[in-house]
Amino acid sequence: MLQTKNLIWTLFFLGTAVSLQVDIVPSQGEISVGESKFFLCQVAGDAKDKDISWFSPNGEKLTPNQQRISVVWNDDSSSTLTIYNANIDDAGIYKCVVTAEDGTESEATVNVKIFQKLMFKNAPTPQEFREGEDAVIVCDVVSSLPPTIIWKHKGRDVILKKDVRFIVLTNNYLQIRGIKKTDEGTYRCEGRILARGEINFKDIQVIVNVPPTVQARQSIVNATANLGQSVTLVCNAEGFPEPTVSWTKDGEQIENEEDEKYLFSDDSSELTIRKVDKNDEAEYVCIAENKAGEQDASIHLKVFAKPKITYVENQTAMELEEQVTLTCEASGDPIPSITWRTSTRNISSEEKASWTRPEKQETLDGHMVVRSHARVSSLTLKSIQYTDAGEYVCTASNTIGQDSQSMYLEVQYAPKLQGPVAVYTWEGNQVNITCEVFAYPSATISWFRDGQLLPSSNYSNIKIYNTPSASYLEVTPDSENDFGNYNCTAVNRIGQESLEFVLVQADTPSSPSIDQVEPYSSTAQVQFDEPEATGGVPILKYKAEWRAMGEEVWHSKWYDAKEASMEGIVTIVGLKPETTYAVRLAALNGKGLGEISAASEFKTQPVREPSAPKLEGQMGEDGNSIKVKLIKQDDGGSPIRHYLVKYRALSSEWKPEIRLPSGSDHVMLKSLDWNAEYEVYVVAENQQGKSKAAHFVFRTSAQPTAIPANGSPTSGLSTGAIVGILVVTFVLLLVAVDVTCYFLNKCGLLMCIAVNLCGKAGPGAKGKDMEEGKAAFSKDESKEPIVEVRTEEERTPNHDGGKHTEPNETTPLTEPEKGPVEAKPETETKPAPAEVQTVPNDATQIKVNESKA
């Protein structure tokens, strides 16, 4: 009975199971970590009111509408299990259980396998390393199964490079020992799982940073302060990435200030310091920095400074005071040396009696002592004299420059009087007695005569004029009583001083003495000695008197005393040849004409050839030209007709003889050879013949090798000046061409003007004779220089009937210089011959004044 009951129940359940068939689609599932997947539970059968439930691997019933593992009841016959973002813990057997209304259950299971795909967990890119370090390239790979890691660079397995620096570590990281900049690039970390045939890779960019290197272009930079100049400090920095450069001054960061004291270049590698002064002297450090590190370089800026006097002080002392000290302080770098000078002496450069360097220097007379220490110098004056007063200049000097400052020493002293004690004059002649006064403070000056203060009613012919440095007593003697002693007294708060002056009555001078008479044909030079007594006043003039033997009338002439006294000679002119004369002299001063000397007889020479002229040379500024002055001497009683000049370089042939008019007083020799010795011979010629040759020797300068450059920054010609020069040159060239056409072809603008305006004959007319006074001396077909001499009408009066010019004391032998007329030589292939200029003398002839004694 019991067995039958159990059989019935078994059949009942089997019938129910058949009626509820449960299936899960898909029947199995593999999910990669992080992926999502769903499973559908389907129920087949006629049962109603079924309940479909899902259970997790740990047996817990999954509730609907969960976020990550979701269960959704679709209808009476299906339900969906969805696993979002699966992880390893979600793996296991999930069960779908269907419960009928009668309580019967049916179920199905699905085995969910969750595996880890080959993924790169930690493989950042780029990865940066410092050059030279051991670099480890990180590549963390995660996978359910252990992967095989391969590293590639430039498409090749790094292991195959056979570079011992490349090592794959046990954690599959790639190590590069002592990584280099050339190792930079893309490295591929490739993972493989053989069981699944799975492969994945990650490209990692490897960057090798190079630590910066920095080098100062100059480790020491010199500059000068207070000149408004700028100085640039330069650092050359390299590295990767490009390093940033910053600057410090004595450890403090330098910023780009608003006043633009500091200026930086775009990459800050250059630091410009504007308006350098002494405060800018410091140690500057340029710091280059990037990811790989930093490096610095030092630059020492040395700022030199021109000396500057920072302290001087004026001093006051009393005469005969023991000593006084003047002090001078100066700044500058290098430390300046200080020297002292006055307006009359350079104290520091004088020979020293003792010299303890650098502290003490003493002058030979021991009056001044200079002490110097560092930037301070003092000048001590001993036994003060009034002459020590005045300006003292201290000068500070170093290699950069110098500075000077003046200070003043005041010396207070009693008056000191000076002046000519004896003063000469004569009755009616006004004279000043000068009393020079030296005093500090200023002195009051008084004049006395016989104890009586001047001026007074008793001395109406006396006036007094005072200046800061002297007092003048103006006396106009009326009688002998006005001559005698006068007293000058000066008083200040230090003391007083008096000086006696004597007013002496002047006399006329004594007679000059004639030493010798040098007669010529028409002139005579009288040598004399000045009078032994001048009478107390200067001699103003000399009077010469002469007459021919047998004549009663004396001829006379006045000569300026200064000119006559220079050589002690007066020249009398207008004499007749072969005639005996007597001559005598007298001197004139302010008092009057003195005694006349005894007469001295002489006889003039017969008419003869002239005396040789005196020659004096003056080199031209160009160095290869010379002006030879012709100083006319005695003409021998017959007018000089002309001068003959010849010259040559020593050891060379003579240049063609040059004929100069008698009025010429110099000749210009140009285009001479450089650094050559020349000799010049000049002969004067009159109707009687030629004089002896005057000889003159000179040497030209060495040829300059270069024209000195002008150092002035503003010496260059402006564009306008250059254009002006070119225009003037062009105009001169046109004029030269026109002049050439005029003289050679009788055509051109000048010829047109001459024909139409001046009435000159046309090109076909016969040329007129040359004007008087113009001559050209040349030889046909000669290559010798052509000398053209132009002068005004020569005055050549008949020697027998007219008077002629002789040198005298008022007309010097050298006659007035006139504008030169050049005589240019022809051009040859050899060096240009000398160019000769002559200057005529058109001075008015001196007319001899005759006066009777």
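Backbone N, Cα and C define each Cβ position, glycine as well.
The topological domain 'Extracellular' annotation in Swiss-Prot covers 20-719 and is backed by sequence analysis.
Mapped onto three states, the DSSP output places Cys41 (disulfide bond) in strand. Annotation comment: Swiss-Prot describes Cys41-Cys96 (among others) as disulfide bond, evidence class sequence analysis.
Per Swiss-Prot, the feature disulfide bond maps to Cys139-Cys189 (among others); the stated evidence is sequence analysis. Every protein chain considered, the tally of other Cβ atoms within 10 Å of the Cβ of Cys189 (disulfide bond) stands at 24.
What Swiss-Prot lists as domain 'Ig-like C2-type 3' is 212-300.
Cβ neighbours of Cys286 (disulfide bond) (same chain, under 8 Å, six or more residues apart in sequence): Val214, Ala216, Leu233, Cys235, Ala237, Val245, Ser246, Trp247, Ser269, Leu271, Asp296, Ala297, Ile299. According to Swiss-Prot, the disulfide bond annotation covers Cys235-Cys286 (among others).
Under the heading disulfide bond, Swiss-Prot lists Cys328-Cys394 (among others). When Cβ atoms from all protein chains are considered, those within 10 Å of Cys328 (disulfide bond) total 26, not counting its own.
In sequence order, Leu417, Gly419, Ile433, Cys435, Ile445, Ser446, Trp447, Ser471, Leu473, Ser498, Leu499, Glu500, Phe501 constitute the residues six or more apart from Cys488 (disulfide bond) in its chain with CB-CB distances below 8 Å. Per Swiss-Prot, disulfide bond is recorded for Cys435-Cys488 (among others).
Here Swiss-Prot flags 508-607 as domain 'Fibronectin type-III 1', drawing on sequence analysis. With DSSP states grouped into helix (H, G, I), strand (E, B) and coil, the domain 'Fibronectin type-III 1' (508-607) comes out at 7 helix, 51 strand, 42 coil.
Annotation source Swiss-Prot lists transmembrane segment at 720-737. Residues 748 of the same chain lie 6+ residues outside the transmembrane segment (720-737) yet bring a C-beta within less than 8 angstroms of a C-beta in it.
As annotated by Swiss-Prot, region 'Disordered' applies to 764-853.
Under the heading compositional bias 'Basic and acidic residues', Swiss-Prot lists 766-807 (among others).
What Swiss-Prot lists as compositional bias 'Basic and acidic residues' is 815-829 (among others).
Each residue in the domain 'Ig-like C2-type 3' (212-300) gets a DSSP state, and the totals come to 3 helix, 52 strand, 34 coil. In sequence order, Val22, Ile24, Phe39, Cys41, Ile52, Ser53, Trp54, Phe55, Ser79, Leu81, Glu107, Ala108, Thr109, Val110 are the residues near Cys96 (disulfide bond), counting only same-chain partners six or more apart with C-beta under 8 A. For Cys394 (disulfide bond), other Cβ atoms within 10 Å of its Cβ number 27.
Put plainly, the disulfide-bonded residues Cys41, Cys235 were compared by Cβ crowding within 10 Å, and the winner is Cys41.
Calculated from their C-alpha atoms, the gap between Cys394 (disulfide bond) and Cys139 (disulfide bond) amounts to 82 Å.
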